[in-house]
Amino acid sequence: MKNLKNWVGEITGAFSATLKHAFAERDTVCYPAEKPDLPERWRGRIILTVTPEGEERCVACYLCSSVCPSSAITIQGAEREDDERRYAEKFEIDFTRCIFCGLCEEACPTRAIQTTNDFEMGASSRAELVYDKSRLLENHTGKYPDFDYFKRAGVPIRGKDVGEGANEKPPVDVYTLLP
Amino acid sequence: MGTLYIDDQPVEFQPGDNVLDAAKRANIEVPYFCYHPALGAVGSCRVCAMETVPSREGEQPRTVMTCTLKAQDGMRFKFAQSDKAPGVSKTMVEFYMTRHPNDCPVCDEGGDCHLQNMTVEVGHAYRRFDGQKKTYPNQLLGPLVWNTANRCITCYRCVRFYQDYALGDDFGAMGSRNNVLFRRIDDGAFDSPFAGNIITVCPTGTFTDKVFRRKYSRTWMLKKSASICAHCSVGCHVEPGARAGTLRRVVPNENSAVNQYFICDRGRYAPHASEAADRPLQVKVGGQPRQEPALAVLRQALAVSDARWGVMGSGREDVVTNLVLQQLAADLNAPFTAFTDPLTEVRTKTAVNLSLSAPSLQDIEASDCILVVGELTEHAPMMELAVRQALKQGKPVLMLHASASVLAGMIRKQRSLQAQTQAPVLWAETLQKLISQLTQEQADGWAALLKNAKAPVLLGVAEVMPTAVIKALAELAAVIGEHSRLGFALPAANSFGAAQVSQAGSSEQLLTSLESGAINALLVVGADPMSGWQGERWSKALAKIQHLVVVDHIHSATVQAATVVVPSAAVSERNGVFINYEGRVQSFAKAYSRETPVLLQEELIGLLSSDARARVQSQLQSMLGSAMPSPGSAGNRIKPATLPIGQVAEAVLGSGTALVLQGWHGEEEVAGFATELASLTPHDSVGIAPAYAKALGLTLDKNSRLTLSVHGKQLTLPVALSAQIAEGCVAVSRRAFAELQARLGDEVKLTAAIRLSEEPAEQPVVAQFTPVRGDHSNGGVRP
């Protein structure tokens, strides 16, 4: 008798759950017709961003490639011809290796490298998943619309000489002997 | 030996240690900036402070700078900081950081920065001061050093090295009070051959390596190894750093036996020749690239049926390579040499035979009387830096030289009579005079100084010394006594080893067999006979032969003339063994492999028969004795048996004008291919003493030009008047020697040529020799 009661309970319980979910709001979406709503801090496709003035933010400091646990980032820095502003001559992310941990974004002192909530990166070969700089660089400031590292650094660049940065006094006159 | 206590922890110290040394030895992480083992302590940074622990009743604790305090038994200090009372160190670091720019991401020092390390160590993380930062203007310092003045923490290490240690005078502390900064009076490259070391001693990114900057990589990403500098015979320990198959930078590798903490600019920048745009990296046969492995191509080339071979090694190739080539020559029944010039061969071997008691760099530094024969700075800069240490301590440094030399200028500035200009053919006579004075017990002047010295050191430059002078110098050493040390700067890194493997008169033999047609094929490894002293003879001889196989890593004249070119590895790309001027056997290790594979010289052994391989092994055993030293170790000195030496005609004293060599410190066979260093090469000129020009009846000023005629060849050069050039001589560069097809000591005819400009002549310039800087490009620097 007790067995029968359990048996009926299980049947009705299971069917009622099925019935309830049949009419509940859906968690899945009809991708790709309908795009999922991802949180802002989603760690998807990695991009390189630019300053509000449109200059590349990356200064080729190698911190992202050093911190990358799967060695997916390859960089070679260079200096811009006219003002010695350092930039990444070569910047490659191998997305077949990338584990989207976001450590590169965390390490970046200039907020150049940022994760986005794009995850649609399907490709038909591994080589296509190695993104070079032309595919990584976006003409966008990303999550930090106002940040410009070189305004805060001490090195001179085009349009900002020594002593013209944020929080800097004009350079001292090295020839003066006045107190 | 004794014990002191830091935070109640016993710390052993050695005699002569200061408290900071002792703490460092006990692995207590005391921060410091201004202290440097080679430069000593000045106590200016105030960071290594500790608090004394009162030993008596009523005594107050004091704050002391541990770098300036000699360690004594039983001293007690309090160092540990607490959150409530941060120590002096933390406060000082916080002060330094108030105006330090946020440069770490764009600073080349980042990750290898003493200031970064110390800041992290004391736990300073946030700038509490919210005022504005003080800034300083940067200075352009030529193609080798990069300056970012804002990063300076005024530790004075750079000037203490540049002025106090290396005796330079064109760089110093400028400004007053809290506006002090370190720079040259004018923009431009440093005069000192050791300027690169301010990069090494600077604890921040104020001075960084400009060549490294152009191909920058974080230092932790570099592949490094313990290597030996291949650009002069001193054999300094260096650490090449490479990434992605290319050389990025070279820094000194600290060791106690050879060069301790520093290297010269030639050692630091000449290795970048491995990144020259024209470096051969492709096996080529008759100008056509080949895909086969280099060794297979070499084997094919050597198997040509109609060839009668000659084999040439080199003083810049290592011991094993030269031995392998010697045995390959035996296999092929071919003449072998490791020298391109018979005269240099005889001089080198004579010097090697007399180098058994050669002084180490430390011996030179500690000497109380040094006699230098020849222009040492221009041939072995680090040996000369050691001489400067004795000069700095007021010890007499005597010098015989024929052309303008940095060291001679330095000696003249202090004691005018201790540097003497004289034509090389007269040096033997001068030395004989010294010998007779010393033997006749009536010594005065130079002889007295040498006689009364406790540890006299005699140094010669083998390349520019006639054999008679080398012998006279040895005789002088013998007359002075057992306590004197005699050493020679040899022409190349492994000249000592090359001398061991070449028969007497081997280069003359190879050259004459080529000229007579006895051999019609030549294998050259790591040598450039066509631009050496006998360049013209070699070029003529090599133009006649059908097979010229060259293995090298620079685009030399010989490589350009070769029928088969096999690219080989530069020193940082391979393992090997060099023997330096003291007979010190030192091995070096490979730092990196290039992306396009090149022939490693070790592989040449694959060309040998098994008999020959066994002979190489046994010869190596008998030559180097005990086990091979490990890379980075100080190595062991060998004392080989006396080498047989051939005969060769030397220049003799004539009534005319002799040609002498005007070298400069960045000059060497490979160094010429390092773009940045080579851009500082002085302009070609003909150096002549004003008094001698007057005696010849020539009216010269700075706009004059002279035409030199030697053996029917003519060359017109602008005049550089300098009192540092010997009477009876004119000094020209190696390049001019090559163009004139002249040899050292050749007689030259001088005629005045058309003046450079038609402006009225000013007063004749009688000045110290100042090399004219090349028009090096600024590399896109802001004007």
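Each Cβ is built from the backbone N, Cα and C atoms, and glycine gets one as well.
When TrEMBL records A:Cys98, A:Cys101, A:Cys104 as binding [4Fe-4S] cluster 2, the matching candidate from A:Cys61, A:Cys68 it lists for that site is A:Cys68. Checked against A:Cys108 ([4Fe-4S] cluster 1 binding site) by C-alpha proximity, the binding-site residues A:Cys68, A:Cys98, A:Cys101 yield A:Cys68 as the nearest.
For A:Cys101 ([4Fe-4S] cluster 2 binding site), the nearest neighbour among the binding-site residues A:Cys58, A:Cys61, A:Cys64, judged by Cα separation, is A:Cys64.
Residue pair A:Cys61 ([4Fe-4S] cluster 1 binding site) / A:Cys104 ([4Fe-4S] cluster 2 binding site) shows a Cα separation of 12 Å. Chain B has a C-beta under 8 angstroms from the C-beta of A:Cys61, taken from the binding-site residues A:Cys61, A:Cys68, A:Cys98. Here the CA atom of A:Cys98 ([4Fe-4S] cluster 2 binding site) lies 19 Å from the CA atom of A:Cys58 ([4Fe-4S] cluster 1 binding site). Secondary structure by DSSP for the domain '4Fe-4S ferredoxin-type' (A:89-118): 5 helix, 9 strand, 16 coil. Secondary structure of the domain '4Fe-4S ferredoxin-type' (A:48-78) per DSSP (helix as H, G, I; strand as E, B; remaining residues coil): 5 helix, 9 strand, 17 coil. Excluding A:Cys68, A:Cys98, A:Cys101, A:Cys104, which define the [4Fe-4S] cluster 2 site, the same chain contributes A:Ile46, A:Cys64, A:Val67, A:Pro69, A:Ser70, A:Ala72, A:Ile73, A:Ile93, A:Ile99, A:Phe100, A:Gly102, A:Leu103 within 8 Å (Cβ to the Cβ centroid), listed in sequence order. Within the model, the domain '4Fe-4S ferredoxin-type' (A:89-118) carries an average pLDDT of 95. Straight-line distance linking the Cα atoms of A:Cys104 ([4Fe-4S] cluster 2 binding site) and A:Cys64 ([4Fe-4S] cluster 1 binding site), rounded to a whole number, equals 4 Å.
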